[in-house]
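> Below you will find the structure I want to go over with you.
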Amino acid sequence: MSITKAWNSSSVTMFILLGFTDHPELQALLFVTFLGIYLTTLAWNLALIFLIRGDTHLHTPMYFFLSNLSFIDICYSSAVAPNMLTDFFWEQKTISFVGCAAQFFFFVGMGLSECLLLTAMAYDRYAAISSPLLYPTIMTQGLCTRMVVGAYVGGFLSSLIQASSIFRLHFCGPNIINHFFCDLPPVLALSCSDTFLSQVVNFLVVVTVGGTSFLQLLISYGYIVSAVLKIPSAEGRWKACNTCASHLMVVTLLFGTALFVYLRPSSSYLLGRDKVVSVFYSLVIPMLNPLIYSLRNKEIKDALWKVLERKKVFS
């Protein structure tokens with residue numbers, strides 16, 4: 001059954017999002033906090049994209065992937081943050097059935113695309129460290145473009161499968177989602193249909209895309225560590241370790257929180273705890289990613305310094 005047909009057959013045409021709290025004082029504090037996180041996410045990721053595009057020294061496969069990661073992080077957080085922030089001003093926080101399905105599809109699609117992109121980035125680092133002389137011939141512009149396109153296509157096709165399996169179900173009420181956006185566990189809990197097949201589909205998608213990506217990342221970083229130990233110069237080892245440490249930090253944060261939420265049975269869902277975890281992987285991680293890469297990356301710092309020096313000259 002398609003999502004449109006499911007919408008027509010369901011007695012529920014819209015959902016009510018409970019958000020975080022009903023206390024006005026806490027709502028004001030949370031609004032300011034989340035607005036600050038979202039604006040920081042936009043500022044840092046956009047700055048990183050423009051910095052990479054504007055500096056020819058950063059026109060390499062590694063930074064091509066990094067600029068796409070920043071773009072995904074902007075879209076990923078934007079699937080949740082704007083709607084969540086406006087909901088603070090409404091007594092009844094409603095979202096249509098189709099709007100809920102669209103939010104879920106876009107959010108999960110961007111999240112799975114990021115998982116696949118991080119796998120491509122790990123392969124890029126492995127090629128750079130293990131075969132530095134052959135690296136330019138291995139990581140060609142065409143291959144990098146195909147890897148990025150493949151990440152988006154794979155992510156959104158997987159998301160389409162997940163969204164179709166959930167929103168084809170019948171929803172007859174209640175329609176109250178005890179969450180701040182249309183995430184999988186709280187939406188699935190509202191269905192009047194048997195959700196076993198949907199849970200199996202979700203498990204298979206998460207294991208196939210997320211689990212396989214995580215396994216490939218572990219294998220890649222195993223080879224990378226082995227290659228780093230063979231680098232003769234201490235400076236070369238330090239530079240390689242610095243770059244890989246940034247990647248590993250991002251991978252651990254994203255996969256750790258996402259797999260925790262999406263690979264558990266719906267019966268183990270705890271509202272308060274899982275809302276905090278959801279805030280972390282939907283809002284905090286997209287803000288931290290550019291900071292992690294920027295603060296530990298000499299080339300990014302040098303490019304930023306050039307921009308600041310240029311502004312001083314023209315001011």
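Including glycine, each Cβ sits where the backbone N, Cα and C put it.
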> Does Swiss-Prot give L17 and F171 the same topological domain, putting them on the same side of the membrane?
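Swiss-Prot topology: L17, F171 on one side of the membrane.
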> Would you pick out, from the disulfide-bonded residues C100, C192, the residue whose Cβ has the largest number of other Cβ atoms within 10 Å?
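Most Cβ neighbours within 10 Å: C100.
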> Mean pLDDT over the topological domain 'Cytoplasmic' (296-315): what is the value?
73
> I'd like to know if the transmembrane segment (104-123) touches the transmembrane segment (240-262) in this structure, counting it as a touch only when three or more C-beta pairs sit under 8 Å and are separated by 6 or more positions.
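Answer yes: the transmembrane segment (240-262) meets the transmembrane segment (104-123) with 3 or more Cβ pairs below 8 Å.
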> Restricting to CB pairs under 8 Å, which listed stretch, 61-82, 104-123, 276-295, is in contact most with the transmembrane segment (199-222)?
104-123
> Tally the residues of the topological domain 'Cytoplasmic' (223-239) by DSSP class, grouping H, G and I as helix, E and B as strand, and everything else as coil.
13 helix, 0 strand, 4 coil
